[in-house]
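Asker: Before we start, here is the structure in question, set down as structure tokens.
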């Protein structure tokens, strides 16, 4: 049974409900609420759901607020551990490189340094948005919250991402879900070198990069602008002292490993060594040393000290040059073009020394002055002892000149050379007196003699220069033609 108090409670409640329904600005059940001017924040902005659009003041309708909400919506539920298109399609990463500086190149370590802007572009359906701007520049901090390619450099020994004053990274998001990710890198990459043609050698230093974990069934790489324009080198980007950058060749490779097949992007930078330094430092000194060694062929064969100095000095000089030429090279097990040149020059210098030894050995008994052989040609005539005089004469007369005889020291016949020849044109007998016996000897015929020139020297004066000239002609012609062929091959590629 309903009491009076309960009846009054129900009547009061019904009355309040009727009063609320009659008041303006209220809606009954089934009626739509009238939109007020300040209620726009509750609508979808750029695809935002009402739960991501909290109430804000009426004056906060600028782009910053709009894109803040866009980013909040995009990252809500985004899993950066999963690549775009997982399970549906292969993710394509487009790349291009702008080289700001190339070099230096280390021959001993067989590596080079390159500074680049490395750009990557890919599409992520999860990051599509609709807003007042088509391209949204983002801070580099957002890169850690989204999926990015796990690109690494296959032949990189050391890579540095620049962080001064902030990380040198750029991230842009297009409204269709395309991302551009750029970073500045300094890469120390390996450059295999074949030094057989050193210092006229040409090298192709590679730069290889690709995905570390994703096979070609998951992630593939391609060049953004094609093979001809995707790698660009700044005009003032060369930092090479000993090389010329001839050009670069862009390509793509597939490598196979135990974990699958991977796409590898390749760029080969072709370098040509500058030979000027080595011409001044090695080639010219070697050539001058060989020429100096051949000067000894024009010296008298009796000039033993002079010719010995020429030979020994030039051999030691070539030894020093050969050692110094190897200091700037890695310790390779094969001979380079410079090694062959130095070896041939060393052979010429050493041959010149051997030539002098040969000439000296076979001609040492036929030296110049014929007067030294006079004692063998003298006709000794023993005369009857002269009548003794009161005083034995201790002097003898040679062509009107009186010389004292030292009986204690001159026990043998003295050698008479051209310096003691008579100035008279006639041949006058010379009388040699002694206390007991008088000898009469005929003077040698006055014939002026000269130092004879060895036939070996005469032949060497012609053979050595001609052979050395032919060697230089063949040597330089071979490597100059090879350089032209290599440059033509690079242009075709």
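Including glycine, each Cβ sits where the backbone N, Cα and C put it.
As listed in Swiss-Prot for this protein:
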BINDING   119, 182  4-aminobutanoate binding site
DISULFID  191-205  disulfide bond
MOD_RES   427  phosphoserine
MOD_RES   428  phosphothreonine
MOD_RES   434  phosphoserine
MOD_RES   443  phosphoserine
TOPO_DOM  29-276  topological domain 'Extracellular'
TOPO_DOM  360-458  topological domain 'Cytoplasmic'
TRANSMEM  277-298  transmembrane segment
TRANSMEM  304-325  transmembrane segment
TRANSMEM  338-359  transmembrane segment
TRANSMEM  459-480  transmembrane segment
Asker: Test of understanding: applying the rule of at least three C-beta pairs under 8 Å (pairs 6 or more apart in sequence), is the transmembrane segment (277-298) touching the transmembrane segment (459-480)?
Answerer: yes
Asker: Same chain only, please: residues at least 6 beyond the ends of the transmembrane segment (338-359) with a C-beta under 8 Å from a C-beta of the stretch. Say none if there are none.
Answerer: 198-199, 278, 282-283, 286-287, 289-290, 293-294, 296-297, 301, 307-308, 310-312, 314-315, 317-319, 321-322, 325-326, 454, 456-457, 460, 464, 467-468, 471, 475
Asker: If we skip the immediate neighbours and take only residues 6+ beyond the ends of the transmembrane segment (304-325), which ones have a Cβ under 8 Å from one of its Cβ atoms?
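Answerer: Here the qualifying positions are 278, 281-282, 285-286, 289-290, 292-293, 295-296, 338-339, 342-343, 345-346, 349-350, 352-353, 356, 360.
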Asker: Pop the mean pLDDT for the topological domain 'Cytoplasmic' (360-458) in here, whole number is fine.
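Answerer: So the average pLDDT across the topological domain 'Cytoplasmic' (360-458) works out to 50.
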Asker: State the Cα to Cα distance, in Å, between residue 119 (4-aminobutanoate binding site) and residue 205 (disulfide bond), rounded to an integer.
Answerer: 21
Asker: Does DSSP give residue 191 (disulfide bond) helix, strand or coil?
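Answerer: For residue 191 (disulfide bond) - judged by DSSP and reduced to three states - the answer is coil.
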Asker: Sorted by position, what residues of the same chain at least six away from residue 191 (disulfide bond) have a C-beta under 8 A from it?
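Answerer: When sequence neighbours closer than 6 are ignored, residue 191 (disulfide bond) has 105, 110, 111, 112, 203, 205, 206 within Cβ distance under 8 Å.
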Asker: Test of understanding: give the count of other CB atoms lying within 10 angstroms of the CB of residue 182 (4-aminobutanoate binding site).
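Answerer: Cβ-Cβ neighbours of residue 182 (4-aminobutanoate binding site) within 10 Å number 17.
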Asker: Give the three-state DSSP assignment (helix, strand or coil) for residue 182 (4-aminobutanoate binding site).
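Answerer: It is in a strand.
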Asker: In the structure shown, which of the recorded positions 119, 205 has the fewest Cβ neighbours within 10 Å?
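Answerer: Each of the recorded positions 119, 205 was scored; lowest Cβ tally within 10 Å is 119.
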Asker: What kind of secondary structure is residue 205 (disulfide bond) part of, going by DSSP in three states?
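Answerer: SS state of residue 205 (disulfide bond) = strand.
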